[in-house]
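**Q** Before I ask anything, let me first share the structure, which is written out below as structure tokens.
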Ligand code: GLV
Ligand code: MN
Ligand code: MN
């Protein structure tokens, strides 16, 4: 295997520039999808893609797509990740995979390596949950998983996704029509930070992802009765807030019942939200995650029961909706074993991993063979400003990404060709 070393300094300076394209009024690094900052982030990524020599376009769903034409044409290897963040997020989630993929393009061109396959880089639109109850929006549009119900979903102000998309330059009809032709894509790879503590704990450099977690999002709306907090006896109240609080605790205890299972109630709202008023309404939005579909189905059933019980015993009405029902996704063995072999040959220590985070790769896996490469997260922190990965930990991930592309290109074509001199050590 020829050694081609990524230029870490390029990655660092691009990471630093992206970190300036954020909402400075929010904590951490905030570049939420459907914001002006997200548009700026995807524009910047497109500029880098063009500078790297890719032919770029933006599809109907806001995904930035860049192509490095291959020698044979007609077949593609796709790499991608996202540049949007959660509110108060970090600098590395998604961005590592985008900048890493662009670095792979530069390394191929600088080393005069022409793949047989077209190499397609995608910056997916809106990977993180938006205010309309969806995540991995761009990859879902590419794989045909969006419809008019998606467009009709509303945020808390009653605005629909169809109304919000044009502000990001996305036409709702084009959004519905953004399916990608995956019949020509032989493999998809996503480089990502681990976002958890396992690699660091084990002292390993590379995570080879075997399964991406299933994710089930719920929204529970409780309707009780607004009353005076001082004069209304406890036994005649219909306190929507208490029913919601009981449901939050049920999420926690259900999640504690499995292996690698998680439950989070990340959004809760009481109305009218006054210290001396019994809540008339309450909403809880949250999620379960886990590696087994059967556990997730059982968790859904148990939480729906718990919400009903918490509501019934207080004379509160509840409406429970499961807004996302993504099953766990096993990644494809030929790709994961190639990543593992490549890591071994490069001398990078590795571990097989379960991903507790969701990824566009999990959506794309329905359409083509997918692999994910993880690099360590400092202290396992992510979705927070402290999210951090050393450059020295990222560079091996880019090396594995590049060499996996070369290996996959060779496995299904006649192999990458060097136009002049071949791959060099740098
Ligand atoms: C995406 O970052 C998720 O796992 O929620
Ligand atoms: Mn994330
Ligand atoms: Mn991510």
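Residue numbering: from 1, along the chain as shown.
Note that Cβ sites are derived from N, Cα and C of the backbone, with glycine treated the same way.
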**Q** Looking at the Zn(2+) 2 binding annotation from TrEMBL, with 128, 383 already listed, which candidate in 93, 155, 360, 409 is the matching residue?
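**A** Between 93, 155, 360, 409, TrEMBL records just one in the Zn(2+) 2 site with 128, 383, namely 93.
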**Q** Quick check: of 192, 217, which does TrEMBL put in the same Zn(2+) 1 site as 82, 93?
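**A** Same Zn(2+) 1 site in TrEMBL: 192.
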**Q** Out of 93, 128, which of the binding-site residues has the smallest number of neighbouring Cβ atoms within 10 Å?
**A** 128
**Q** Might you list, by sequence position, any residue in that chain lying six or more from residue 192 (Zn(2+) 1 binding site) with a Cβ less than 8 Å away from its Cβ?
**A** 81, 93, 94, 96, 97, 357, 359, 361, 372, 373, 374, 375
**Q** Could you check which of the binding-site residues 93, 128, 383 have their CB within less than 6 A of ligand 3?
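**A** Listed by sequence, the hits are 93.
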**Q** Please report the distance from the Cα of residue 383 (Zn(2+) 2 binding site) to the Cα of residue 82 (Zn(2+) 1 binding site), rounded to the nearest angstrom.
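**A** The Cα atom of residue 383 (Zn(2+) 2 binding site) is 14 Å away from the Cα atom of residue 82 (Zn(2+) 1 binding site).
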**Q** Name the residue among the binding-site residues 82, 383 whose Cβ has the smallest number of other Cβ atoms within 10 Å.
**A** 383
**Q** What is the interatomic distance between the Cα atoms of residue 82 (Zn(2+) 1 binding site) and residue 128 (Zn(2+) 2 binding site), given in whole Å?
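**A** Taking the Cα atoms only, residue 82 (Zn(2+) 1 binding site) lies 9 Å from residue 128 (Zn(2+) 2 binding site).
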